[in-house]
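Record features, source Swiss-Prot:
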type	residues	note
DISULFID	C54-C67	disulfide bond
DISULFID	C61-C72	disulfide bond
DISULFID	C66-C79	disulfide bond
SIGNAL	1-24	signal peptide
Amino acid sequence: MVNMKASMFLTFAGLVLLFVVCYASESEEKEFPKEMLSSIFAVDNDFKQEERNCAGYMRECKEKLCCSGYVCSSRWKWCVLPAPWRR
């Protein structure tokens, strides 16, 4: 049973490696690893840290006001989404 699991895992890993090698050889750009990693771990603009006058989601709202669409939680002092029980 263990040998069958190991052979299936090695077969699957080999197929994945074969796919990556074939895709890399067909790609004309030399920046393939960097491009592949950046597409896998793409960061949306909403998640980037930016300097602004208001506090975003789950940020402290003691000194800054929350951005539009968020309210300051009276219990935790974080900016959170408004909900009926938080009004």
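Even glycines carry a Cβ here, placed using N, Cα and C.
Note that this is a predicted model, so its numbers are computed, not measured.
What Swiss-Prot annotates, mapped onto the structure for a quick look.
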{"residue": "C54", "record": "disulfide bond", "Cβ within 10 Å": "13"}
{"residue": "C61", "record": "disulfide bond", "Cβ within 10 Å": "22"}
{"residue": "C66", "record": "disulfide bond", "Cβ within 10 Å": "20"}
{"residue": "C67", "record": "disulfide bond", "Cβ within 10 Å": "15"}
{"residue": "C72", "record": "disulfide bond", "Cβ within 10 Å": "18"}
{"residue": "C79", "record": "disulfide bond", "Cβ within 10 Å": "22"}
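Distance between Cα atoms for C61 (disulfide bond) and C54 (disulfide bond): 8 Å, as a whole number.
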